[in-house]
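Report on the following structure.
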Amino acid sequence: MDHRKQKNNTGKNPHVAYRAETIRPSPTKIPSNMSTNEQENYQVIQTGQHFGRYIIHGELGRGGMGIVYKAFDQKFQRFVALKVMLEKDRNEIKRFMREAAIMTQLDHPNIVRLYDFGDAPQSYLTMEYIDGFTLEDLIRAKKVPPKFLLQVLIKVCEALSHAHRQKVLHRDIKPSNIMMTRQGEPKVMDFGLAKVSTDKSQSMSIPGGFVGTVLYMSREQLDGNPSQQSDIYSLGVTMYEALTYQTPYQGDSFHEICFQIIRNDPIPPRRMNPSISPYFEAVCLKCLDKKPQRRYQNFKQLARELRNLQSNQPIIAKKYTAWNFFVSLAKRYKTTFISLATIISILCCSLVMVIHYSIDADRARVRAEKQSIDADRARVKAEKQKNQIRRSLNKVMSALDRSLQKHKVLQNDKEFAQLFSKIFQDVEEFGEDENWSFLKAYVSSQSGDLQKGMQYYNEQLQTNPQDPKGYNNRGILYCNLKQYKKAVQDFNAAIKINPKNSETYNNRGLAYKELKDYTRAIQDFNTAIAINPKNFEIYYNRGLVYKDIKDYTRAFTDFDKVIKINSQYGKAYENRALVYENFKNYEKALQDANAAIQLRPNSETAYNTRGIIYQALKNYSLALRDYNKALQLKPTFWYAYYCRGDLYRNWQQFDKAFADYSQVIKLNDDYMQAYSNRGNIYYMSQKYQEAISDYSQAIRLEPNFANAYAGRALVYCNLKKYKEAEADFNKALQINPRFFIVYMNRGLVYLSLEKYKPAIKDFQSATAISPNWKSHKGLYQCYQALGKYKKAQYHLRKMQQLKNK
């Protein structure tokens, strides 16, 4: 009898939904090996029924401790994995709840998150729902490439390191407890939830109260003394199984497997699969050492070891020779390596030649001086040597030009650009066989020297005024310098010479976007797409414009198209999440935001986007966590300060909101919304002159900013400057004729000034936009003052009806 867990889902493309624990597929009847009491305690909840605030969407599976459902959380508008426990031994339930409380401390992107737990209407917990598959499924399908496995193991180590720092041992690490999302991100699950069961298979907990799965347990864990090194051992078994597609120990009985774990050494993985890296094998076997002190000290050290293995750096487990490093690097970057080797060879030869000829030239000069050799002959020789140096340097430039054209990865390498920009002065000094202005401009720009790049582009275009690439690249440089009008002029020149280049239309569209000429921007993106319909970046840029003009339906279509072309483009998920948030589809918005974070874990904008969605859901603590994370990743990210300021304002923590808005203005002094919101805080603090100053600055930055006019009007009212207030109210309504609160405020001003007819007109406009008791109260007061009691009584009744709803 094979004591490995009997697995399901044996197809070539495994698709398993996340389970809150390792569970068996949902049977059509209650398993016969359960006790009668357990069968009675399986309270099946039907699809569509409610469990507290959760709506059941179907059963995911059953385990030794209960049933797991896919459920929808009505409070937070998201799907969860809802595990409803069997009402068994009370001590077991208390242990479960205590360990669930510990799990709330675990906040890591590669750990399945525990959302909630409780005992009403029945003992339960809810966890992050993930639509994906397990590492076990990939092992069964024999689809675990070593490079992919390394990436997974590094992230699993980081997750378990976080758990150990919180003093939480896993005790049951195995492939079935490592979920994989559709984006390839691992998620460790079942922390501290190993169970005691009467089931005899090794996929259950060990008889006698031990916690874990015997195939993955170390000797000390079998003795009942698990430690951090026990978790490292279990991950080592998982690593072994993923490399060889079998566990280190197998047997026909529980006791036979235990005996092997205690007495035998595992067969080295390379004996079963010689293609496995000897260094990967060494790391695996070190994890499986029978003595805990000989394993890795902790998961932090193991993660560092795996990263070194990934990048061909020396590792602890096995000595790594320089030759191994050279060969592996050459294999990994074969094409680029050849190009770089060629460039380095040319540079070395050129350097040798330069040194040689320089020394020779010095000797010739000394000999000429000492021996009175004819000066003309010395000059001829020096000129010849200079020509040889010039030819060598020009060969370097030619090699550089070809390498940049052939290898796109080098085009965006700033360090590479900085290295080669240093030889340009020598090229200019010794002379150029060709006009290298374009190449020098491009490399200088990439190295960060924008002014030098501009100088070289100017030289190139003076020499070759019909070069469309020169105009295009200089236009990009103008965009980087925020000189968008000049950029448009250069893009126009490039398009006139070559009207079939989609890249130039795309670049001009981006310049028009910055100039807020959205109509022309969209026209350019449309033309670029017509020329090159497979370029996902153009759809993305057009989507940004549609989002800016609040055409969210078209924006969604473009971001969706980007993801279909390139499912790894994290920015598209971020922006589609914001569109979903605008549609109030918070479940999908969170899914996209999480996908963006998985694809770009160090992206401040991804965390900020998720914070915006949590704020819309009024989950302010999670929103604050994400805003803080965004600012931790990039302390100068002004938009995160703005969003956090809004959050503090909602919490009525006005001092903190004021500080964040002030920080926004410090980092980006042309963001009018920050001035307007800070003006609101000044207004509430009765600092009227400061408020007027901020509102006025917002209006200077955006003359059609209705909110700023509305805010400044209220300040003028408090200063009894009614003429100025009326002018600002009028301007706000001219910009936004359906601005409800402005009609209400202007109506109240007219009422206080006993101008009842214009007040009535404003309250009626407010009522037409949004029927509410306050506008009817205003109408009641106006008609009462005018002696029109019948109308006054009508609005009094309407006010009472709406107020009591």
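Quick reminder: no glycine exception, Cβ is built from N, Cα and C everywhere.
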**Q.** Of the residue ranges 32-59, 368-395, the one that TrEMBL records as coiled coil
**A.** 368-395
Q) Other than its close neighbours in sequence, what residues sit by the repeat 'TPR' (672-705), given a CB gap under 8 Å and a spacing of at least six beyond its ends? A) 642, 645-646, 649, 654, 657-658, 661-662, 664-665, 711-712, 714-716, 718-719, 735
Q: Using a Cβ cut-off of under 8 Å, list the residues of the same chain at least 6 residues beyond the repeat 'TPR' (740-773) that approach it.
A: 706, 710, 713-714, 717, 722, 725-726, 729, 732-733, 779, 781-783, 785-786, 798-803
Q) Once the chains shown are all counted, how many other Cβ atoms turn up within 10 Å of the Cβ of LYS83 (ATP binding site)? A) 26
